[in-house]
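To start, the structure itself, in structure tokens.
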Amino acid sequence: MGFTLAIVGRPNVGKSTLFNRLVGRKLALVDDLPGVTRDRRIHDAKLYDLKFQVIDTAGLEEAANDSLEARMRAQTEAAISEADAVLFVIDAKAGITPADSTFAEAVRRSGKPVVLVANKAEARGSEAGMYDAFQLGLGEPCPISAEHGQGMPDLRDAIVELLGEERVFAEERQEEAADEVFTPAAVGALVGDDIEDPDAEEIPAYDATKPLRIAIVGRPNAGKSTLINTMLGEDRLLTGPEAGITRDSISADWEWHGRKIKLFDTAGMRRKARVQEKLEKLSVADGLRAIRFAEVVIIVLDATIPFEKQDLQIADLIIREGRAPVIAFNKWDLIEDRQMVLADLYEKTARLLPQVRGLRAVPISGERGQGIDKLMENVVKTHEIWNRRISTGRLNRWLEGVIAHQPPPAVSGRRLKVKYMTQVKTRPPGFVVSCSRPDAMPQSYVRYLINGLRETFDMPGVPIRLSLRTSDNPFAGRAKKKK
């Protein structure tokens, strides 16, 4: 194995659950009681193309030297010294505790490279915990759900970025491993990589050379496989008039204008009531995993019968999963009055999918290869917006102007005070607003802020997350401390 990772953190944040997921089986005891793991376990692990050793440690405890907890802490310190890097796990649902801060300082003192892992990120309210995590001084939190397997692609990317490709691939760089990097059957994804500290002066430019993961979804027989075959220039996938020919998610490597792309053709996604065969149920589940693993999702609609109820359900699922959607109106070669039909389709897109204003939609013919370049141009632009980060200074200057022009309404005779705003993640863009009474803030005003963000910072066509919290500005006074 090329390198070793130690999983550390206070008790009951999900370290052993993450360990079990990385090793592929339940080797570590998992329970809700703190301190279940009393010693460290070392095992071979794999995360897509990364092969390494992982150490599961006892939860860090503050304790007297002669106690069991002290010996558990000694085991953890030994694991840190043996490891090449540390996965420091916090509970995003519970937020940051004094114990997290104490042991984050201990990990920093070790000098080992650290990935801050925000576990239980699928839980409601976890955005606030990720917001608090900045105060640990361990960098941008990588949100995951170890229990459900969400966020694993982002964790993989964070490890590679931390240690460098030469280090992580020093011993093994085989073709089979490369092919397994993006196997959708083992994947569930949330959000978050390529993110800088909110206090950073410079925002990193979009990397147009980075490989791109695209899932192609739609109702059965919408032309998904035909589109991929045209892109690849070969009959890689079985196509035909029968709905449901593609039974599973099939991946293919492609290049567009020199950029490497992994394409996923998913099984046609039917309504649940019509998914009867066990094999087809598995195929649809595989398609859902492919969506979660993708960065951009191309929704293929049959232009002759667009916006069926199931089309809207698929689009809503993609938006809720936080992926970057682009619509392809396929079979455009069958449309006669194209200008009138296209205007009607654009109007329906805006009206039927109001969750994401400015959703990009392109007419194509997968069979004839028409509109593919235009489609890909929109895919790349949407991906860039999905990865966008806005500096804290710009956000708060904008917020001041918004409040001056249109302050939040009074609730029960009391004004709501909006104090501060920061971006806590990208992929999709996620923001937290600090205010006096989050529970009292009308959802109409939250939507007003989201729409303002989208318009002011040019973010059409991607989901935007915005949550409210009561805590004070965590970055206030930081500049004074540096003096």
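Including glycine, each Cβ sits where the backbone N, Cα and C put it.
Residues or ranges marked as GTP 1 binding site in Swiss-Prot: 9-16, 56-60, 119-122. Sequence annotations record features per position, and here Swiss-Prot assigns GTP 2 binding site to 218-225, 265-269, 330-333. The annotation domain 'EngA-type G 1' is assigned in Swiss-Prot to 3-167. Swiss-Prot lists 212-387 with the feature domain 'EngA-type G 2'. Among the features that Swiss-Prot reports, domain 'KH-like' is placed at 388-472.
For Lys15 (GTP 1 binding site), the nearest neighbour among the listed binding-site residues (Gly218, Asn221, Lys224, Thr266), judged by C-alpha distance, is Thr266.
Around the Cβ of Lys224 (GTP 2 binding site), 29 further Cβ atoms fall within 10 Å across all displayed protein chains. Taking CA atoms as the reference points, Gly218 (GTP 2 binding site) and Gly9 (GTP 1 binding site) are 42 Å apart. Per-residue pLDDT, averaged along the domain 'EngA-type G 1' (3-167), amounts to 80 for this model. Of all the binding-site residues in the record (Asn221, Lys224, Thr266), the one with the smallest CA separation from Ala121 (GTP 1 binding site) is Thr266. Of the recorded residues, Asn221 (GTP 2 binding site) and Asn12 (GTP 1 binding site) place their C-alpha atoms 47 Å from one another. There are 26 other Cβ atoms within 10 Å of the Cβ belonging to Ala121 (GTP 1 binding site).
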